[in-house]
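Database features, via TrEMBL:
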SIGNAL    1-33  signal peptide
DOMAIN    22-228  domain 'GH16'
ACT_SITE  GLU114  active site, nucleophile
ACT_SITE  GLU118  active site, proton donor
CARBOHYD  ASN122  N-linked glycosylation site
Amino acid sequence: MALPCSPTRHCSLLLLVAGVLLLLVGSMRPCAATLDEDIELIWGASHTYFFMDGPDTESLALSLDEQQGSCFRSKNTYIYGTISMDIKLVEGNSAGVVATIYTISEGPWSYHDEIDLEFLGNVSGQPITLHTNVFANGVGGREQQFYLWFDPTADYHTYTIEWNPKYILIRVDGKAIRAFKNYEDQGVPYPTWQQQRVYGSLWDADEWATQGGAIKTDWSNAPFVAYYRNYNTTWCRPSPGVSWCGAEPKDSPRFDLDQQTLTDLQWVNANYRIYDYCTDHKRFNESEFPKECYLQRAGL
């Protein structure tokens, strides 16, 4: 849950309808956003800067020191689509530091939707943890955590959220690591009606982020810096003749997972998943597991 940047404004039904109309009349091609035009800084502006990372690529540096972190958000909101960004994480000892990329709705917190990717820093030489979570109608607690098969501080890597009426998919460099299926018809909350805005942040969470809070942030290493570039968005594409993705028939195969995605999910979950709420017997007894834990889950 990426609280430091979470908005509180109400997302009205009118906004939702307007967003759907925009989806219908707007371009369906991928949009590579120009960062300083399509992303706005909402706090810590003195700790951030835009710069050209090569002749044609604009990047954003977020930084954190003992006084303040930094955060940006997209100027647009989305309902169903694919959002990706290249991120180069904090180098060296990043214990206690959390970098994020996530989406969140703007309605009341009690029924908000959210799709989280949070990168939990660690001491030098130890792996960074990718912490993922899904909230729908205010219900969260669906954490899965992963190590990565590369050093995410050495170079940029692409992190993607795909959100359609059947699945929420999280990908790393195009490889699917998590799939959360829509079981709303069986009583499992799923985000289907609230638009969400994209956020990214760098902040101090040493009370819990590294080894459960046992290792604190070493401020002698500040400022901590993470780099973001190549923000891309693509509207969800429905089947031909269907008005928008929210109207896709439930029995449509449009958003079924292909074999490569299933293979990637199986490989990542077998080799790099380090936590799954659906197998946490210390947290839940057999009668308390969330309902989706008893249903078929892709890649598991």
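Glycine residues also receive a Cβ, built from the backbone N, Cα and C atoms like all the rest.
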ASN122 (N-linked glycosylation site) and GLU114 (active site, nucleophile), compared by Cα position, are separated in whole Å by 25
Provide the number of Cβ atoms within 10 Å of the Cβ of GLU114 (active site, nucleophile), excluding the reference atom itself.
-> 22
When you measure from the Cβ of GLU118 (active site, proton donor), which residues in the chain that are at least 6 apart have a Cβ under 8 Å away?
-> ALA2, VAL98, ALA99, THR100, TYR102, LEU130, HIS131, THR132, ASN133
Would you count the other CB atoms within 10 A of the CB of ASN122 (N-linked glycosylation site), including those on all shown protein chains?
-> 20
